[in-house]
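All remarks here apply to the structure that follows.
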Amino acid sequence: MYTLGIIGTLLLGACNQTVEKKVQSKNVDTVVVPKADILISEALTSEQQEKLTPDSVLQRMKKGNKDFTEDNLTVRNSTERVRRASLGQYPKAVVLSCLDSRVPVEDVFHSGIGNLFVARVAGNIINDDILGSLEYSCKVSGAKLIVVLGHEYCGAVKSAIDDVKLGNITTLLAKIQPAVQHAKASFKGKTTSSNPDFVAAVCDENVKESIRLIREKSPILNEMEKNAKIKIIGGVYDMNSGRVEFFN
């Protein structure tokens, strides 16, 4: 009943891979970097992470996204950051994102190696494994912010609206159905996947539903949020501008 095109939309982010060849240059140590571009070699340390607050991390994330959209990017010494990050990790935040390959989370927030945890699953849905990952990020490793990140034109959301049935995808899409029903209850207009406004409404509801489930199903994270140890926030990525619109 459903075309391969619908299925392909959902799985596109998981299936497309590109292979990059490393390019070595004998002159790598003599590259001239403009003075305005300071080479950043450090990942966050334990002491730096400890001083952060949830609100300050959110502001950093917003600033990083602004830099990304304006191509105001910092030059980073990736080799040195890899080495230093191997000694330990102290990320400032964890992002629960969709699987879509067009949403490169670290790039979107202009964040280097060792500064973000990223959990990815189609439709940025919540299950026990995702909850465990979020708890590890915050309770064990000290992340101060949870961002549930949806995005425009989400294939998982469209497939949930169309009620696609296919293998294990069926179970995954069922977790998005509450958002579909919530959106339908208040949306004025055509409630199909061909209506981009309705898809956007479901995407927003799906992010809110994931946040609700985090608070409901994780006493650990719920308590941390109530004690102002962390903040849980949602946002949606604009595919055209690269901007993340955070929810109030």
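Yeah, the Cβs are placed from backbone N, Cα and C, and that goes for glycine too.
Because TrEMBL annotations are produced automatically, they should be read as predictions rather than curated entries.
Neighbours of H151 (Zn(2+) binding site), defined as other CB atoms within 10 A of its CB across all chains, total 24. A strand conformation is recorded for H151 (Zn(2+) binding site) in the three-state DSSP classification. Residues annotated as Zn(2+) binding site in TrEMBL: C98, D100, H151, C154.
Most other Cβ atoms within 10 A: among the binding-site residues C98, C154, that distinction falls to C154.
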